[in-house]
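Asks: The structure's right below; bear with me while I get my questions together.
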Amino acid sequence: MSFPPRQLYYDGKVQPATSGKTFQTIDPSKATPLADIHVASHSDIDSAIASAERAFKTWSQTPPAARARILQKAASLLRERNDEIARVETLDSGKAYTETSTVDVVTGADTLEYYANLVGSGGLNGETSHLREDAWVYTKKAPLGVCAGIGAWNYPIQIALWKSGPCLAAGNTMIYKPSEFTPLHAQTLAEIFLEAGLPAGAFNVVYGAGDVGAYLTSHPGIAKVSFTGQVSTGLKVAGSAAGNMKYVTMELGGKSPLIILPDAELENAVDGAMMANFYSTGQVCTNGTRVFVPRSMKAAFEKRLLEKIQFVRLGPVFDEATNMGPLSSSVHYEKVTSYIRQGIESDKATLLCGGPDKPQVPKDLQNGYWVKPTVFTDCTDSMKIVREEIFGPVMSILYYDTPEEAVRRANDTEYGLAAGVFTKNINMAHRIIDQLQAGITWVNTWGDSPSEMSVGGWKKSGLGVENGRKGIEAWVTNKSTLVDMSGGVPTVFAKL
Ligand code: NDP
């Protein structure tokens, strides 16, 4: 084991779990265990929520400017410890260190800082309306209470910060449950918050699989659930939360279309399609896995793509040259490779490159969950690999004849997370973006998701948004007050 066992973290310290159950987290590049993780029992979760309720009393009353200073300090501590945290993320998730050291911690700290700055500069202020000479309405934003954050495994610490950043900035407290596949970042984040000055109990961590998440999200002490994961799990969690009248934010999956127009720069179109499919081993919710290419570009696009695919470099995850790691777990490896076999055997798409066989990697990595970057071409809309989220490095190319046809087919999905277009024609770019049914859209780029940009899915891809000014609204409730100074109460119950 590389790391000591993890217990729970609440009330400002490590606390022993009482379930008697443990699970292991695994290094996916080698399939070797990293640490034993102790599972929270129901009474442990009750205790964690009780500590968050106590902390809420003081944290929610702390002035926003003072909260902002503490969260800014936490963002600085995260940046100071960037490389150390990124190393753990790479071991736990399999993501190449070239990614975790430049993206995962950085973009998490950016969001924490963004919300600290927002609330520190009046971002929680309400509105005032002067109704008439002697009456006005004012609104106030109030925190919700104890919130649950449930994370997926593809961006562990970034997801934790995209949830806890606005949650804490707004004056709430949080119980966070990381995915059982990538739990190692969570205690470090809790310790950093405490070191920065967050009160004990304001950010707490419990571990376990879906049953722990289900108990937490349906708990009467939880005011809001912020969930990132698959649509199928999201439907269950949203259903149980809505039944208890809890606030929810759902960041779910997608099967996003990337439309290349005939005038697009070939190099950019190919680079965009590769980033939209192979970055993070294809384990990105917003991936543009349906690549719509004009039929007239077929030969040129496929030729350049095959040339550039040689630049995908699998290998030791800490190697500076490695830009694609393994899939994150054995169960996910089985899922992705079965989709690749489905594409070949049942959908009968044309395999342009890749496939289900393990790629060549050094001997000590051969048990890891490695998969080749895979491209299917001549795909049709009804193929399973085109309709369902694979969440691995698997691109489907679909040829089209007119932009109208491409847009219609792009929208023919139950998902609506992301979409994008590559073109030099600015009018066409706006026209097409306007017609695409997705919450996150890009023109001539793919995947960049800065803190300033509110992101969230349409259709089954989610509910609500994260990040940007709109993101804070998901963590507050509004109170409207009408003040009347006229000296009398208008009444219908006056004497006739
Ligand atoms: P899952 O839905 O399997 O799990 C997500 C989290 O929910 C995990 O922590 C999981 O625990 C927990 N969980 C499972 N069952 C329940 C339940 N009944 N009640 C409460 N919590 C539960 O998703 P993955 O971890 O496989 O993540 C990949 C998915 O996340 C992809 O679909 C991807 O598109 C999506 N995603 C969406 C993003 C967005 O912003 N839209 C961003 C990133 C990913 P455990 O894993 O421990 O069992």
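Keep in mind that glycine also has a Cβ here, set from the backbone N, Cα and C atoms.
Curation does not apply to TrEMBL; its annotations are automatic.
Sharing the feature lines straight out of TrEMBL:
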DOMAIN    18-480  domain 'Aldehyde dehydrogenase'
ACT_SITE  Glu251  active site
Asks: On average, what pLDDT score does this prediction assign to the domain 'Aldehyde dehydrogenase' (18-480)?
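Replies: Summing pLDDT over the domain 'Aldehyde dehydrogenase' (18-480) and dividing by its length gives 98.
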Asks: Suppose we draw a 10 Å sphere around the Cβ of the residue listed as 'active site'. How many other Cβ atoms does it contain, all chains included?
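Replies: I count 26 other Cβ atoms within 10 Å of it.
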Asks: On the three-state reduction of DSSP, what should I expect for Glu251 (active site)?
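Replies: In three-state terms, Glu251 (active site) counts as strand.
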